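Okay, handing you the structure first.
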Amino acid sequence: MKKEKILVLNFGGQYDQLIVRRVREMGVYAELHECDTNLSEINLDNLAGIILTGGPQSVNDSESPKADSKIFDLGVPVLGICYGHQYINYVNGGTIETPNLAEYGKTDLKVDKESCLFKDIPEESIIWMNHKDRVKDLAEGFRATASTANTDVAAMENTEKALYSVQFHPEVVHSEYGQKILENFVLGICKAEKTWKMKDFAKEIIAEIKEKYQGEKMICGLSGGVDSSVAATIVSKAIGDNLQCIFVDHGLLRKDEAKSVMETYKGLGLNVKMVDKSKEFLDLLKGESDPETKRKIIGNHFVEVFEEEAKKIGGANYLVQGTIYPDVIESGKDKASVIKSHHNVGGLPEDMDFKGLVEPLRLLFKDEVRALGEEIGVPHDMVWRQPFPGPGLAIRVIGDITEDKLRIVRETDAILREEVKNFGLNEKIWQYFTVWTPIKTVGVKGDARSYDNVIAVRAVTSTDAMTVEAANLPYELMQKLSNRMINEVEGVGRIVYDITSKPPGTIEWE
Ligand code: XMP
């Protein structure tokens with residue numbers, strides 16, 4: 001029988017899905033379950049190995065999470081990470097202590113090169129630690145295979161029982177050889193086969209939705225972005241026209257966006273209705289210059305429009321959303337303070353009467369969503385669109401919004417997009433846009449004095465929008481942008497380039 005599945009058991013850590021992703025990056029299928037799931041509920045055919053994740057609790061606490069004890073009798077290798085490491089030691093008779101000092105962040109690790117887990121890894125490297133408790137006495141039959149200055153047992157193994165564990169986090173990018181360590185376990189020790197492909201994921205999720213929601217009606221708010229488009233396409237492949245999509249034009253979209261997005265949706269065979277509410281949104285925003293108030297006006301009215309349209313359609317029991325894994329972490333597990341009240345167009349109206357949410361992309365990261373999109377035939381341009389904020393151009397016009405300011409942002413943004421594409425940079429830059437500023441500047445245009453506005457160009461590189469750098473745009477591109485924007489767009493007097501990184505700046509100006 002093929003060995004092609006890694007079971008990841010979650011003990012409540014932050015990196016559970018990241019571990020799954022790291023395994024999938026190797027081309028091996030991984031599945032996440034809560035640690036206390038009864039093994040009889042999980043399909044164990046083709047199981048190659050098990051990974052126990054980290055978690056915030058102490059194994060010495062009687063209430064701490066525990067796994068079905070049969071995981072050690074399945075005859076497959078087990079790798080414990082952080083809490084999982086301590087758990088393996090504890091349930092095999094070892095002890096765990098809570099020292100005075102915790103160990104957080106980048107740490108030097110020294111490994112025993114004899115261990116298969118550390119094959120082809122230098123004796124000394126940097127890993128990421130994040131723990132209070134540590135192993136005190138090793139369980140019988142185990143030996144320590146790595147250490148740090150503060151932790152004697154930073155890794156251990158019992159090769160006879162095929163049990164391996166590490167105190168540090170190999171799954172995070174800060175662990176220099178983390179991925180190699182995981183590969184040594186998954187491919188080397190478990191001998192898992194690389195049979196996982198996005199194609200299979202697409203097929204499985206479509207089949208699952210088809211089976212689970214046979215005959216049900218659903219609605220989906222489309223934003224024109226990658227996530228909602230891919231989510232809707234997946235669901236529509238499962239339930240066809242029982243999915244009704246709604247695309248609200250709030251009048252704050254980029255040039256020609258509503259038209260081109262609708263054409264793409266139609267091409268995808270989506271059952272989609274566009275509602276043009278631009279006048280309503282612009283009327284509500286008239287005279288308002290506070291960024292947070294603008295966001296709230298748009299967010300609230302979006303929900304009203306969405307509700308109204310959903311009522312007209314009627315009979316939909318489920319709401320489809322393009323939630324992806326980083327959204328899940330941000331809203332559920334991460335307690336970071338709210339920097340801006342992000343409004344995701346298509347967000348769930350709180351008091352709407354749905355039986356539930358359908359979130360087919362919940363377990364995927366952005367690049368996985370893109371790969372899935374390509375796999376199910378979402379056009380390349382749609383899949384590779386840059387992220388666009390729900391409140392749209394409203395947060396790219398500083399202060400109050402008028403049609404004329406929107407025209408300037410739209411036209412300059414269109415030039416920017418065209419030129420970035422001409423320079424072959426459109427898939428290399430995370431986001432790029434222009435911002436209308438209220439600063440007036442003197443210039444000379446055709447021998448006459450001009451007094452027009454300053455427009456800022458923002459272009460950033462990033463992998464997740466959490467941290468960004470200003471993109472290093474070629475000077476020729478900058479020159480071209482400046483010439484074209486000032487010559488072609490009335491009301492533009494000067495172009496400046498925003499070189500701020502995030503943090504301390506944010507991507508958007510408002
Ligand atoms: P910031 O400006 O916070 O942006 O660095 C991070 C990412 O989120 C987008 N963004 C928003 N998206 N509603 C949204 O749906 C919002 O209010 C909003 N504000 C920012 C931004 O474009 C970037 O991709």
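One is the number of the first residue shown, and numbering goes on along the chain from there.
The backbone N, Cα and C atoms fix where each Cβ goes, glycine too.
Note that the structure is predicted; figures quoted are calculated from it, not measured.
Per TrEMBL, the features are:
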- Cys82: active site, nucleophile (ACT_SITE)
- His169: active site (ACT_SITE)
- Glu171: active site (ACT_SITE)
- 196-385: domain 'GMPS ATP-PPase' (DOMAIN)
- Ser223, Gly224, Gly225, Val226, Asp227, Ser228, Ser229: ATP binding site (BINDING)
Just checking the recorded positions His169, Ser223, Gly224, Gly225: which sit within 10 A of the residue listed as 'active site, nucleophile', CA to CA?
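Within 10 Å Cα-Cα: His169.
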Please list, in sequence order, every residue of the chain apart from Ser223, Gly224, Gly225, Val226, Asp227, Ser228, Ser229 whose Cβ lies within 8 Å of the Cβ centroid of the ATP site.
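The surrounding set, listed in chain order, is Leu222, Val230, Gly322, Arg385.
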Across all protein chains in the structure, which of the recorded positions Glu171, Asp227 has the highest Cβ count within 10 Å?
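Output for this query is Glu171.
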Are there any residues in the same chain, six or more apart in sequence, whose C-beta is under 8 angstroms from the C-beta of Ser229 (ATP binding site), and if so which?
Leu222, Thr264, Tyr265, Leu268, Gly322, Gly373, Val378, Met382
Show which residues of the chain containing Val226 (ATP binding site), separated from it by at least 6 in sequence, have their CB under 8 Å from its CB.
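Listed in sequence order, they are Gly322, Lys366, Val369, Arg370, Gly373, Val378, Met382, Val383, Trp384, Arg385, Pro387.
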Just jot down the residues in the same chain as His169 (active site), at least 6 apart in sequence, with C-beta under 8 A of its C-beta; none if empty.
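When sequence neighbours closer than 6 are ignored, His169 (active site) has Tyr15, Gly54, Ile81, Cys82, Ile127, Trp128, Met129, Asn130, Ser175, Gly178 within Cβ distance under 8 Å.
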